[in-house]
């Protein structure tokens with residue numbers, strides 16, 4: 001017990017001595033501010049109080065008053081001060097904008113018009129013509145509203161007849177309803193006229209539609225259907241292969257007189273695949289392009305092991321060699337700048353696309369490929385490949 005009392009006394013003496021030493025240290029002449037020996041919680045509360053007092057002082061200096069009506073605006077508003085007056089501008093995210101977005105989201109989109117809606121659209125158009133006294137030319141004016149400034153905004157008014165549909169949807173449906181012919185099926189005569197007009201006017205569907213008395217969307221879709229019906233699907237015939245090579249070779253020959261310009265998204269040779277497809281008539285432009293680059297040209301070109309012009313050089317060398325069988329070919333000495341292994345590999349790729357002729361003699365195979373990779377076009381192909389690209 002005595003030990004415990006003695007220990008408590010010693011601890012008390014130590015704490016008093018420590019406190020006195022701290023007070024002496026902060027009471028020196030070099031120190032002019034008092035040290036707060038309060039607890040951390042009391043210190044934090046004091047700081048918050050001081051901050052509040054500073055804010056109040058600033059408000060008083062600026063002349064702000066809680067009763068001032070100019071300061072009762074929203075927190076996200078912008079303040080601009082002009083000659084002592086404060087004007088409040090609303091934030092960019094106005095509630096009305098959000099309401100407008102919600103209304104657009106609630107509109108019915110992408111769903112086919114019903115028969116009842118079709119009748120509503122027709123009635124709304126006729127009613128607009130009658131209310132605005134547009135006369136006999138009223139339907140023509142409404143359907144071509146852009147050409148008649150006096151009825152600007154007519155489709156907004158007509159579109160209110162079906163408020164849950166976008167105005168553009170009502171406009172598009174009205175164009176179809178009033179422009180399509182009574183007989184919705186195309187006759188053979190109309191299809192022939194369509195193909196003839198497309199050759200004359202190209203893809204000017206509006207002009208073609210006006211001559212046929214049909215909607216341009218129906219005209220375009222019908223032309224595509226007719227075009228696809230004449231196209232082949234599946235495996236290519238040897239005649240199609242030969243025609244494709246002839247058209248590509250002709251295209252490259254014609255390009256020699258042009259500048260080799262670098263265009264956005266241009267392919268290796270910038271071949272006119274649309275024109276080639278039109279002349280081929282049995283395949284679309286995408287099929288022609290993919291067949292040429294994915295199968296008929298070598299994958300070794302991208303690796304730098306081969307060049308497009310080497311196809312013409314290889315067949316030219318084999319044609320001049322006049323070998324009776326493949327064993328007579330000295331592949332190592334066939335092309336000076338290519339190894340024999342690479343030349344043989346390319347030959348094996350070429351004969352994959354000559355159909356049943358691949359089972360014929362070596363001489364027949366060379367003759368078939370010589371018609372595709374014509375020896376007289378070696379210089380043409382080489383000149384095109386070496387032509388500098390103009391930016």
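Using the three backbone atoms N, Cα and C, a Cβ is placed for every residue, glycine included.
Listed in TrEMBL:
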REGION    1-78  region 'Disordered'
COMPBIAS  1-35  compositional bias 'Basic and acidic residues'
COMPBIAS  43-53  compositional bias 'Basic and acidic residues'
COMPBIAS  64-77  compositional bias 'Basic and acidic residues'
DOMAIN    184-231  domain 'HTH myb-type'
DOMAIN    185-227  domain 'Myb-like'
DOMAIN    228-296  domain 'Myb-like'
DOMAIN    298-351  domain 'Myb-like'
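Taking DSSP states H, G and I as helix and E and B as strand, the domain 'HTH myb-type' (184-231) has 36 helix, 0 strand, 12 coil.
Counting residue by residue with DSSP, the domain 'Myb-like' (298-351) contains 36 helix, 0 strand, 18 coil.
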